[in-house]
Amino acid sequence: MPFFKADGTLIILLLHWGPAEFLYYWLHRALHHHYLYARYHSHHHSSIATEPNTSFVHPMAEVLAYYGLLLIPTLLSVYIGKANIVGVFTYVTVIDFLNNMGHCNFEFIPKWFYTIFPPLKYIVYTPSFHSLHHTQFRTNYTLFCPLYDYVYGTVDKSTDSVYENALKREAESPDVVHLSHLTTPDSIYHLPLGFPSLSSKPQVSKWYLLFMWPVTVWSMLLTWVLGHAFISERNAFKKLKLQAWVVPKYNMQYSSKWQRETISKLIGQAIRDADKKGAKALSLGLLN
């Protein structure tokens, strides 16, 4: 298999948004039939208020069916001689990210994303789009591509209004802020939006994360550009609201003299931001 083919990478993605998404749509509708729903899919819908981990909560029979559908683009690209390492890696990464994003229960995709190129509305869903599926059950069946819901009339009527209202919501004021920092470059995969199997356990480097280095390097550049603490997780226990904030610095940077002033400013700014938001308590610790 060649390392990279631009047309092959594009073909793999098009094969997903074509036959794979189409077949998934009808499989998903079938799973909402009362017979299959009671025996299989209701397990996934036990999470009405979703989180990234929800994206992987499925009975084994469903998991096998989904993997079968997601193998279609890869196997077809092999059959037509367009398969390549970068294309397969890109496909798996995009699928995993969009799956987690759709279940994160937090709308962060800006309106200009769809204003610049309106057809994106029918190609890539939003977290609010999929959240309606978990609250209404009989709408918004597609995996990542809303087009099929629009074509077959199953898109929820409140999709647009829920999306716009979610963007207008004021930021919540946390009662408690847990301020942490990244440890190693691959610790990003322990965030809830990373790999659920890793984020649910204490951090341990895995050999297969070496294959994720293109994404890892990109994340390091992104955190460097952002240059301030970001919210990684929100939780509520009755009336108590907790948030986990991450300072975009790594263990190796804490031992560097020339980084100390920058890190002190980041932590100080995070503490001031938490105070402005009304936080009553603040804790410090490593991520995961």
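Cβ atoms are placed via backbone N, Cα and C, with glycine included.
What you are looking at is a predicted structure, and each value in this text was computed from that prediction instead of being measured.
Quick look at what TrEMBL lists:
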DOMAIN    15-154  domain 'Fatty acid hydroxylase'
TRANSMEM  6-27  transmembrane segment
TRANSMEM  63-81  transmembrane segment
TRANSMEM  207-231  transmembrane segment
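Through the fold, the transmembrane segment (63-81) approaches residues 1, 8, 11-13, 15-16, 19-20, 23-24, 27, 87-88, 91, 95 of its own chain, all at least 6 residues removed from its boundaries and within a Cβ separation under 8 Å. Residues of the same chain lying 6 or more positions beyond the ends of the transmembrane segment (6-27) and with a Cβ under 8 Å from any Cβ of it are 65-66, 69-70, 72-74, 76-77, 80, 82-84, 86-88, 90-91, 94-95, 123, 141-145, 147-149, 152. Helix first, then strand, then coil: DSSP counts for the domain 'Fatty acid hydroxylase' (15-154) stand at 97 helix, 0 strand, 43 coil. Averaged across the domain 'Fatty acid hydroxylase' (15-154), pLDDT for the predicted model comes to 93.
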